[in-house]
Amino acid sequence: MSQDSKVKTTESSPPAQAKARKTLPILDPSGDYYYWWLNTMVFPVMYNLIIIVCRACFPDLQHGYLVAWLVLDYTCDLLYLLDIVVRFHTGFLEQGILVVDKGRIASRYVRTWSFFLDLASLAPTDAAYVRLGPHTPTLRLNRFLRVPRLFEAFDRTETRTAYPNAFRIAKLMLYIFVVIHWNSCLYFALSQYLGFGRDPWVYPDPAQPGFERLRRQYLYSFYFSTLILTTVGDIPLPEREEEYLFMVGDFLLAVMGFATIMGSMSSVIYNMNTADAAFYPDHALVKKYMKLQHVNRRLERRVIDWYQHLQINKKMTNEVAILQHLPERLRAEVAVSVHLSTLSRVQIFQNCEASLLEELVLKLQPQTYSPGEYVCRKGDIGREMYIIREGQLAVVADDGVTQYAVLGAGLYFGEISIINIKGNMSGNRRTANIKSLGYSDLFCLSKEDLREVLSEYPQAQTVMEEKGREILLKMNKLDVNAEAAEIALQEATESRLRGLDQQLDDLQTKFARLLAELESSALKIAYRIERLEWQTREWPMPEELAEADDEGDSGEGTSKDEDSQEGPQAQS
């Protein structure tokens, strides 16, 4: 029973988990839902940044719209609370994989500074309203601690928008407005502290006609702060120490703000120039070169018109350099989405493998031709084929005027010259003059790039050669006899190569046998030498032989003396 219950529990847990995920989904930090939630959080954060300070410094604004402020305050608090809930349901990447475990997400979130700042921004400081009254908006200054959420939303928007430079300028203007707004509020509060109308520097006495209105108070303070922070001048001189300190602080802030603005604008302009240089070739260098080399005015005008056409019509000639930082597969997908439809129109590339077309798409080079410019001439060596993306080209006679045909968008030419087809009567030479009638955008595919790609796809190469042969047959430009002779010659060559390979294999076998015999002979010789060494070790050494000879000589002398002594004794 216990095992069955465990099995049932295990089987029922996935639906339960799926239901839980369905009710409380985990957000992807790079997804759209999380991005739009960040944009939603911009409004409560900006409301607190702008309105709280304004209400604290302009009492009439606080007293006149108290109910509206309370509704907006607690609506923002509700959004702050929902933002914490969203944080607990926002996954994070670990080793490139999105973590969706709520326990791990919560454990990671509560250990970050963001969690403590979020809690502090929702601290119930409004409870002090009971003692101090509801007209004390400074109690809500802790809501400023949610400002990092605003910066995160701006960063995400800057990476997603199609106009990042314009967004940077708008963001800079927003920061400037917030700084001037805060400064104007502080100026009005300081004027109230020092006394309205006490000197020309502070805000005029509200008793004067027109200066009692709230709108006039804010606009005058904003205008006065703008004059100070922009260091334009034309402001009354300060007379009190507090006024001097306020002016010094504003001047320092103006210097820092000026440096920040100049740096930001310089960065934006540099990024725009860098983007233009990446998309379009630099014409200044070419113009300077032509001036130094004294190129004739007509040709110089054609070059300038070509550059102008690229700039006005947003034509790009260096797509490879623009996409070079993308991963290879992602770069291939981008190129396929842009150019695959154009490449698939070419007859010899139809019904080819998708991977082959993806490789070829990466090799396409965009080119733009000016009016009256020749793309190729009759008799030129064909090293590339062309696909017409936009514009019109004419097949003209040698005089350059008579037109035989007009080629439009989607057509192609020169595809036969980049494939080595046996029996091609035209060889690799161009058979016609192709001239651009207006500005024409073409895709160029070189023979080397095609050969490099087809080396990995031999079957596709065979299919393409068959299609090219069919096209040549229809055009009556295929010499069947020459093709047969070339095929026979190729077969004979291959047969000779096979024979040479067989002979080389035989020589290698014989050489291996000789090496084996040599090694065997060397081993036998080494063995015999070793046996001789062992045998010679049993022989007496030369020193022992010399001692033995000496002993033999001394023994013979002794025997001779004894014989000489025994001789007289015998005679006696």
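Counting starts with 1 at the first residue shown.
Backbone N, Cα and C define each Cβ position, glycine as well.
Taken from TrEMBL as is:
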| type | residues | note |
| --- | --- | --- |
| COILED | 475-524 | coiled coil |
| COMPBIAS | 544-554 | compositional bias 'Acidic residues' |
| DOMAIN | 348-454 | domain 'Cyclic nucleotide-binding' |
| REGION | 538-572 | region 'Disordered' |
| TRANSMEM | 34-58 | transmembrane segment |
| TRANSMEM | 172-190 | transmembrane segment |
| TRANSMEM | 218-237 | transmembrane segment |
| TRANSMEM | 244-265 | transmembrane segment |
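For the transmembrane segment (172-190), the residues of the chain that approach it from at least six positions outside its boundaries are 49-50, 53-54, 56-58, 202-203, 217-218, 221-222, 224-226, 228-229, 242-243, 246, 250, 253, 257, 261, 264-265, judged by C-beta separation under 8 angstroms. Break the domain 'Cyclic nucleotide-binding' (348-454) down by DSSP state and the numbers are 21 helix, 40 strand, 46 coil. Residues belonging to the coiled coil (475-524) score a mean pLDDT of 79 in the model.
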